[in-house]
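According to Swiss-Prot, the feature (6S)-5-formyl-5,6,7,8-tetrahydrofolate binding site maps to Arg23, Glu86, Lys125, Lys462, an assignment based on sequence analysis. Here Swiss-Prot flags 231-236, 250-256, 275-278 as GTP binding site. Look at Swiss-Prot and you will find Asn231, Ser250, Ile252, Thr255 tagged as K(+) binding site, backed by sequence analysis. Annotation comment: Swiss-Prot describes Ser235, Thr256 as Mg(2+) binding site. According to Swiss-Prot, the domain 'TrmE-type G' annotation covers 221-384.
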Amino acid sequence: MIYHDTIVALATPSGAGAIAVIRISGNNAITIASEVFQSVSGKDITKQKSHTLHLGHITDGTKVLDQVLLSIFKGTNSYTGENTIEISCHGSTYIQQQIIQLLLRKGCRMAQAGEFTLRSFLNGKMDLSQAEAVADLISSDNEAAHQIAMQQMRGGFSNEIAKLREELLNFASLIELELDFAEEDVEFADRTQFDDLLNRIEFVLKRLIDSFAVGNVIKNGIPVAIVGEPNVGKSTLLNTLLNEERAIVSEIAGTTRDTIEDELVIGGIGFRFIDTAGIRETKDVVESIGIKKTFEKIEQSQVVVFLFDSSEFKISGLKLKVALEKIKNQFPLKPLIIIGNKSDKLSETEIQNIKTEIPEILLISAKEKLGVEDLKNQLLSFVNTGALRNNQTIVTNTRHYDSLLKALDEIQKVKFGLQTNLPSDLMAIDIKQALYYFGEITGQVTNDELLGNIFANFCIGK
């Protein structure tokens, strides 16, 4: 890929709208824009300052394509670190295409996915983890995911890694110095201080690695499986949570024959609710497939909500307990919320009887929207948001997680070497490898394949 030519792309979502923004970046961005833009003030945009806005027209020869606002960002003062022009035009798809085609004829080429942010990284405007956070910020759809992406984009994660890397690099330099003076048997690196540093690095790495369990589900939404027998109100509960008729609601048992999935933000955390087919013995082939999928979805979920008809507890209480035991035995580590629906039909005596039989039960009425807030609070209780509240770094990226695991392994090798008086030259190998994995996270160590994989996930105009 050539990184020194001038690229163009639509920066706003494709399709018609009130306005669209077309972004140009490269050494010749301002010159190319000046060939198609006529300012109403008559000013030459090649002579204007950075961060200025100009009203004018995009023209193709004598043909006026649109009246636009043109923004100028020069060199290192731009997002990409090179001359950048942003053209705000009317949102007609025809106008967008005409302007982009005109710019292509004038010497631009179409940007590849994520190329504007890639150039920002290559020009030192941000490191690799910050660049990845840009994509996370764009795709964030809840407060927690937004907060994590913003912190990472502002350098919170990068600074932690950079600090660890710098301290380790200082000791690595002293170890290398010892190797240069090996014949004199001199220790430049204080072993006690080195051990303290390794313990500190190990502690931070373990904290970051542990945070991935929370960060990954926050980024992608916490999957919650709603399970139970047919016609106990699973679809009604899902619709109540989502405030819309998302699932099929019918008096006919077994009408939800497949899994239905939707998202809801509770307390700033995204939850993916999966309304599954009911669990029961059946000869219906279609429904049997749905029941099989139910157990697959339970396996994939973080939390299981088991729902039953509390008004039928007298009749089906024993069968209910058997079903609960089956889920508990098959998924012993899954957080389980037991909900008795249709509680508005119960007397006080019946309520007390059910609570005696199942102390952990939460009684609700999905139809009447009673107890739904209690359910939301229980769901939140399963998410460790302490790190969020304390503004600690939370890892959400699988690539970062993998590099952290590898770095931790190397640090533990160095610790073992220190404890067993391993020769400095052998310890130096593990230290260099740990430094490599730190650099892999921030982009100090990269290759074309890695960059290609990362930026291919971006939209074209970013």
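The backbone N, Cα and C atoms fix where each Cβ goes, and this holds for glycine too.
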* Asked: Out of Arg23, Lys125, Lys234, which has the highest number of nearby Cβ atoms, where nearby means within 10 Å of its Cβ, if these are the binding-site residues?
  -> Lys234
* Structure fact -> For Glu86 ((6S)-5-formyl-5,6,7,8-tetrahydrofolate binding site), the closest of the binding-site residues by C-alpha position, picking from Asn231, Lys234, Ser235, is Ser235
* Asked: What three-state secondary structure does DSSP assign to Lys234 (GTP binding site)?
  -> helix
* Structure fact -> Cβ contacts within 10 Å for Ser235 (Mg(2+) binding site), all chains included, total 21
* For Glu86 ((6S)-5-formyl-5,6,7,8-tetrahydrofolate binding site), the number of other Cβ atoms found within 10 Å of its own Cβ -> 21
* So for Asn231 (GTP binding site), how many other CB atoms are inside 10 Å of its CB? -> 20
